[in-house]
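As recorded in Swiss-Prot, the features of this protein are as follows:
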{"type": "TOPO_DOM", "residues": "1-15", "note": "topological domain 'Cytoplasmic'"}
{"type": "DOMAIN", "residues": "16-306", "note": "domain 'ABC transmembrane type-1'"}
{"type": "TRANSMEM", "residues": "16-36", "note": "transmembrane segment"}
{"type": "TOPO_DOM", "residues": "37-59", "note": "topological domain 'Extracellular'"}
{"type": "TRANSMEM", "residues": "60-80", "note": "transmembrane segment"}
{"type": "TOPO_DOM", "residues": "81-138", "note": "topological domain 'Cytoplasmic'"}
{"type": "TRANSMEM", "residues": "139-159", "note": "transmembrane segment"}
{"type": "TRANSMEM", "residues": "163-183", "note": "transmembrane segment"}
{"type": "TOPO_DOM", "residues": "184-244", "note": "topological domain 'Cytoplasmic'"}
{"type": "TRANSMEM", "residues": "245-263", "note": "transmembrane segment"}
{"type": "TOPO_DOM", "residues": "264-269", "note": "topological domain 'Extracellular'"}
{"type": "TRANSMEM", "residues": "270-287", "note": "transmembrane segment"}
{"type": "TOPO_DOM", "residues": "288-578", "note": "topological domain 'Cytoplasmic'"}
{"type": "DOMAIN", "residues": "340-575", "note": "domain 'ABC transporter'"}
{"type": "BINDING", "residues": "G374, M375, S376, G377, G378, G379, K380, S381", "note": "ATP binding site"}
Amino acid sequence: MIKRYLQFVKPYKYRIFATIIVGIIKFGIPMLIPLLIKYAIDGVINNHALTTDEKVHHLTIAIGIALFIFVIVRPPIEFIRQYLAQWTSNKILYDIRKKLYNHLQALSARFYANNQVGQVISRVINDVEQTKDFILTGLMNIWLDCITIIIALSIMFFLDVKLTLAALFIFPFYILTVYVFFGRLRKLTRERSQALAEVQGFLHERVQGISVVKSFAIEDNEAKNFDKKNTNFLTRALKHTRWNAYSFAAINTVTDIGPIIVIGVGAYLAISGSITVGTLAAFVGYLELLFGPLRRLVASFTTLTQSFASMDRVFQLIDEDYDIKNGVGAQPIEIKQGRIDIDHVSFQYNDNEAPILKDINLSIEKGETVAFVGMSGGGKSTLINLIPRFYDVTSGQILIDGHNIKDFLTGSLRNQIGLVQQDNILFSDTVKENILLGRPTATDEEVVEAAKMANAHDFIMNLPQGYDTEVGERGVKLSGGQKQRLSIARIFLNNPPILILDEATSALDLESESIIQEALDVLSKDRTTLIVAHRLSTITHADKIVVIENGHIVETGTHRELIAKQGAYEHLYSIQNL
């Protein structure tokens, strides 16, 4: 896992190395303070060979040099270190999120059907951010603290070997304590992160569906459901906190014993005349420079434990396999005719589930309009979703112009199929930018022309800023009919040879339906058009109507032919016209 993460770090290794070098200088400067104290005590105050004026003179020079170093030299070094560290870590996170976003766009509809959006977002935002601590702590600060400890110990050995050995007495206990606590802490951190992601996933769904909550007046019930998720997170967070508190209490106890031992041994040596008072004072100063980094290392282990847990979750997402892949030798094939052949196609969402579609055979000619009807759950929309490869067939094949759709590059295939759904998604951007999703390189004139053909131009011009009006999240500032017309404008802009209308007008009022149906009639002209419809009055003009029940095609024909047959279609049509 760490090795994989380091692949993201590798391009910035020289910046990290530079950050460590600058950090060594930054952390090395405070090590002058204990030596200054020793000089002030032994070299000036207790130096009976100097007069009072000479003592003041020597002390003034020493303090002046120290002030110059700490006031003039150290601040820019600190700035450079902080800037380098933050720039590097943020750039690495940028690269990880970029890879994750591209990966998410390549994952199929199956992945999104099986995972909460909130949990996915939590991994891209929260977990990636948490891995930043691995960069700052694991790749930078830990090394700086270790180097600080080595330098401090070197100076302490130089000052007095016995005192240094006394300070090192507690090190084995320190290592044992870290070993005992932090394996358990990593597991608890992973559980806490998962619980937090569940809270975020629940919250994301309920905020998006707040209108449903309010319409059924179930705020109290949803508050209870949220409290269950929140309580689960609290329980795991407190368990993590308790174990973390145990570890810090144990570690701090061990590191607090060290200075007490050193002061006791040092005072005895000073009384016996083995060391000077200045040496003891300097040694006590270096104790903080020794045990301070040790305590930070303990905190670093906690931080890294959390970072590793998040890293696990990030790579779990990166390792999600693409179940929709470009086949070997796939090409950006141009669809010239738009003929579709569905050949013995069966489909099931998961291996342990019953098939949704069973041995479907159907040929659709160039420019033909074919409607799929039937009871809900029969497999109409599922069949439609197989054509742009939102899912892959379980068995059989789908051909377009004689080419298996798996021979197309996925992007090339989908770009040549226009899809208008019942609930079209608009992004939180302007009207113009939402239309441009159909073809991002289109000119303003082409955008306006597409809007006119979709019967959208007039209402757009009545908006406060026209085409520059912000539509809000998911197009919340627009009506259902207005959103649908913008989605149709996208298709006009893209001008694909194949058109799929999946319940495109079923949720609209009669006036909006009439306006949109007019635009759809223009849009479907001279294109192979597939329509999924519950409202049968909207598809009586179709060249072919296909009735699907329980995953099988049970009837095929024109409206007139199927009415005359008095079968499944005639039954559905009669019910709707009672």
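A Cβ is built for glycine as well, from the same backbone N, Cα and C atoms used for every other residue.
Here the topological domain 'Extracellular' (37-59) is broken down by DSSP into helix, strand and coil counts: 17 helix, 0 strand, 6 coil. As a quick check, the transmembrane segment (270-287) and the transmembrane segment (60-80) miss the bar of 3 or more Cβ pairs under 8 A, pairs 6 or more apart, so the two do not touch.
Minimal Cβ crowding within 10 Å, among the binding-site residues G374, G377, G378, is found at G377. In this chain, the transmembrane segment (245-263) lies out of contact with the transmembrane segment (139-159); the count of Cβ pairs under 8 Å, excluding pairs fewer than 6 apart in sequence, is fewer than 3. Of the listed binding-site residues, namely S376, G379, K380, S381, the sparsest Cβ surroundings within 10 Å are found at S376.
The residues of the topological domain 'Cytoplasmic' (1-15), classed with DSSP into helix (H, G, I), strand (E, B) and coil, number 14 helix, 0 strand, 1 coil. Other than the site residues G374, M375, S376, G377, G378, G379, K380, S381, same-chain residues with C-beta atoms no more than 8 angstroms from the centre of those residues' C-beta atoms, the ATP site, are T382, I548, E549.
Beyond the ends of the topological domain 'Extracellular' (37-59), by six or more residues, the same chain brings 159, 276-279, 281-282, 285 to within a C-beta distance below 8 angstroms of the stretch.
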